[in-house]
């Protein structure tokens, strides 16, 4: 039996008193029954507000035989309301509310339908939360990402059409450099559009090892470089991506090899002279 449980089944043989509602209980149902051997007993199902230990439950239900609920909520409730063995009852306390089954698939489906946070399953689905909370938080992050991306709006201009036309003709050497010196030309907005509609990786720059680690074989790599990072842009990393061989030595050595990557730089500045050969950069002015 799990050490701490929310949902319990209980049986009290030859009861002298009947269970009463407590502040710790969210929902309870029971009835007085007569078993096959004629023993008078209380058969009940209880959902606690918090996970409780067997010791705690014995304090709440003295003399009861207690077990963790094994079936569904509805099955447990119905079992305590069956007519063929009933003497008195059934008696219900609190509000019965169906929650999703305590397994990863159903919890993820419920998250998608209700938009609940993972923490909200701590008590209703404790086993899934304990075993798979990291997965639930990743699902939540992906849901939040999808929601944010669906809210993005795109406005196109002449230069975005030029970029699309360039990408329509793959070239293993070419790096597309989108130059807009004033800001507000829509470079980041277009980067968002590519992330939303294409298999695109986005980076505002940073340490090369971190960028290599985050890259997950996307078809398009976008470097949206803010003005303050002009002096820190790693031009060699751009060539690594364009060459299709990206290496990271962070945590453990990683070598990523891809057939073709479209590299796009969005910047308020031009590339430094002498860094690239003339055929390497395709300049697009905003």
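Keep in mind that glycine also has a Cβ here, set from the backbone N, Cα and C atoms.
DSSP assigns residue 33 (divalent metal cation binding site) to a strand segment in the three-state reduction. Annotated divalent metal cation binding site per Swiss-Prot: 33, 41, 84, in sequence order, evidence recorded as sequence analysis.
Under the heading ATP binding site, Swiss-Prot lists 180, 181, 182, 183, 184, 185, 186, 187, 188, citing similarity to another entry as support. Within its own chain, residue 184 (ATP binding site) has no residue 6 or more apart in sequence whose C-beta sits under 8 angstroms from its own.
Per Swiss-Prot, domain 'CRESS-DNA virus Rep endonuclease' is recorded for 2-96, and the stated evidence type is sequence analysis. A mean pLDDT of 93 is what the model gives for the domain 'CRESS-DNA virus Rep endonuclease' (2-96).
The motif 'RCR-1' annotation in Swiss-Prot covers 9-12 and is backed by sequence analysis.
Annotation source Swiss-Prot lists motif 'Nuclear localization signal' at 50-70 (among others).
Summarising the annotation, Swiss-Prot assigns motif 'RCR-3' to 79-82. Among residues of the same chain six or more beyond the motif 'RCR-3' (79-82), those with a C-beta under 8 A of the stretch's C-beta atoms are 9, 29-31, 33, 43-45, 71, 89-90.
Look at Swiss-Prot and you will find 96-102 (among others) tagged as motif 'Nuclear localization signal', backed by sequence analysis. Residues of the motif 'Nuclear localization signal' (96-102) grouped by DSSP class, helix first, strand second and coil last, total 0 helix, 0 strand, 7 coil.
If you draw a 10 Å sphere around the CB of residue 180 (ATP binding site), it holds 17 other CB atoms from the protein chains shown. When Cβ neighbours within 10 Å are tallied across all protein chains shown, the highest count among the binding-site residues 182, 188 belongs to 188. Within 8 Å of the centroid defined by the CB atoms of 33, 41, 84, the record's divalent metal cation site, lie the Cβ atoms of 31, 32, 34, 35, 43, 82, 85, 86, 87, excluding the listed residues themselves.
Ranked by how many other Cβ atoms sit within 10 Å of their Cβ, the binding-site residues 33, 84 place 84 at the bottom.
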